[in-house]
Amino acid sequence: MVQEYDVIVIGAGHAGVEAGLASARRGAKTLMLTINLDNIAFMPCNPSVGGPAKGIVVREIDALGGQMAKTIDKTHIQMRMLNTGKGPAVRALRAQADKVLYQQEMKRVIEDEENLHIMQGMVDELIIEDNEVKGVRTNIGTEYLSKAVIITTGTFLRGEIILGNMKYSSGPNHQLPSITLSDNLRELGFDIVRFKTGTPPRVNSKTIDYSKTEIQPGDDVGRAFSFETTEYILDQLPCWLTYTNAETHKVIDDNLHLSAMYSGMIKGTGPRYCPSIEDKFVRFNDKPRHQLFLEPEGRNTNEVYVQGLSTSLPEHVQRQMLETIPGLEKADMMRAGYAIEYDAIVPTQLWPTLETKMIKNLYTAGQINGTSGYEEAAGQGLMAGINAAGKVLNTGEKILSRSDAYIGVLIDDLVTKGTNEPYRLLTSRAEYRLLLRHDNADLRLTDMGYELGMISEERYARFNEKRQQIDAEIKRLSDIRIKPNEHTQAIIEQHGGSRLKDGILAIDLLRRPEMTYDIILEILEEEHQLNADVEEQVEIQTKYEGYINKSLQQVEKVKRMEEKKIPEDLDYSKIDSLATEAREKLSEVKPLNIAQASRISGVNPADISILLIYLEQGKLQRVSD
């Protein structure tokens, strides 16, 4: 008897688990198929979650009802807030994960989720009828039928591990690769590219001389990614910092001809922002040293991840490199680093919902779309799961805009601009950074998560209470006038401010650069009555009000452009006035509105003006008809 589901998810990595959970939580009967049930949410590369931009994505996933934040909050060994000396737009959390505990906790969550079924199996083929996906077929011939399919295969598609002059078929960490499914996607007509990533050696902690390294402790205050977390892990493990040196670089130089990167064995394009150590040596040969972070992989293992030493050099050369590094001279290498090549699809073949343009009800998410990183994968998986379930159940799909979330920036970049290298999310990619902050992810997205059925009534009530407290406190400070008495003047001068000439509203005093919410309470001789996150919002929203309002005005302009819809089936070849390059790019991307069209590389303002004229005169509809 053939089993039938609403949604099937292929893969159970960081994209797959979020896709499966989101689909199930929206009420869709969901099947998750994975090559190995023991490797759900496996971390084949760095044992960490978060960092610049990425940490904000994890908060956004949580605000929308996803899982990654809750799981890392329960299983981390260290957590730090980055960029605390900078403005709120670039602050982000980063956690070191206990990679085994993270897997176990995520597997438990998946197994307990209603509507979500898990099965070990390798999908070889999609079942397609009339350009619409109808299910999948495994390598042993079992068929599972469904109304939608989400592919989240990570680096498994035609994966090949490269180490020195050796190259062999493999998924990450020497798991089985997925070869036949990649062939199937090619046969269906998808444009496929070849990308590469890599991982460093792991060493035995007992053999490291930590006295020669610099300790990197976690924060000594409770931190969490999830807005629901109330219990914090304060018993943390440190990381350690060391450096390469001239000796290390000589080993690399002497053996560069053995690197698959430079021997011609690697054909795939590697990540720009996470280069191998040999690539760093060649590209930045003026630098006398490179940072290496020693990151424990968990509480119950001696394996330490040498971040910054990603390499495809032969194993014996990796040992030689380690012997030159302070603290690692006698380190016992437990796993060698390696490079891995894999297939990815050209992401401009997707709609912003992550549904493929070619095959109806087929979605892709994660590294198959050309991204790098667990967080980028999880964000895409969440949205693919939300949209696949929403489409088959007719409960609505959701497209995040560039002003809604970093996840929106990520997906828009992929489907509008494409990528010719593994895509990494950076704060610099977001034009509305001040709106897309770590601290306000819940204020931006919890309403949306609730509307999608991903947020519980209890959580939504707590969120609304927080929002009301923020608004009430801003109003209260706007009504309090502070007098320029000696008590006030002394506190202001103590904190480097200039004396008041007249009375001032508390909210206006808070706007001064040197003032904080704590100082305002000190002047008012009041105790803390609100949660720290409420106080933080009051301070940030007050201090940055002018800049935030400017950003919101820019967003409104773009929204007006987004409201100018373009028919999906528009035949651009019939619009004679368009430049040839613009016609080709518009035909490839098929933008849904004028705003998206304006972001396509090769489409200039003159082309947008022509589209606007056609739109305003009603010609676009006639061209599409």
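A Cβ is built for glycine as well, from the same backbone N, Cα and C atoms used for every other residue.
According to Swiss-Prot, the FAD binding site annotation covers G11, A12, G13, H14, A15, G16, V123, S178, Q367, on the basis of sequence analysis. Look at Swiss-Prot and you will find 270-284 tagged as NAD(+) binding site, backed by sequence analysis.
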- prompt: Taking the residues G11, A12, G13, H14, A15, G16, V123, S178, Q367 listed for FAD, what is the greatest CA to CA distance in Å, to the nearest whole number?
  reply: 18
- line: Integer Å value for the Cα distance linking A15 (FAD binding site) with K280 (NAD(+) binding site) is 29
Message: In the three-state scheme derived from DSSP, which category covers R272 (NAD(+) binding site)?
response: coil
Query: Helix, strand or coil at V282 (NAD(+) binding site), per DSSP?
result: helix
Statement: Of the binding-site residues listed (S276, Q367), the greatest number of other CB atoms within 10 A surrounds the CB of Q367
Message: Between G11, G270, which of the binding-site residues has its C-beta surrounded by the fewest other C-beta atoms within 10 Å?
response: G270
- request: May I ask for the distance between F284 (NAD(+) binding site) and V123 (FAD binding site), taken between their Cα atoms and rounded to an integer number of Å?
  value: 42
Query: Among R272, K280, all listed as binding-site residues, which has the most CB atoms within 10 Å of its CB?
result: K280
The one of A15, V123, C274, V282 whose CB sees the fewest other CB atoms within 10 Å, among these binding-site residues: V282
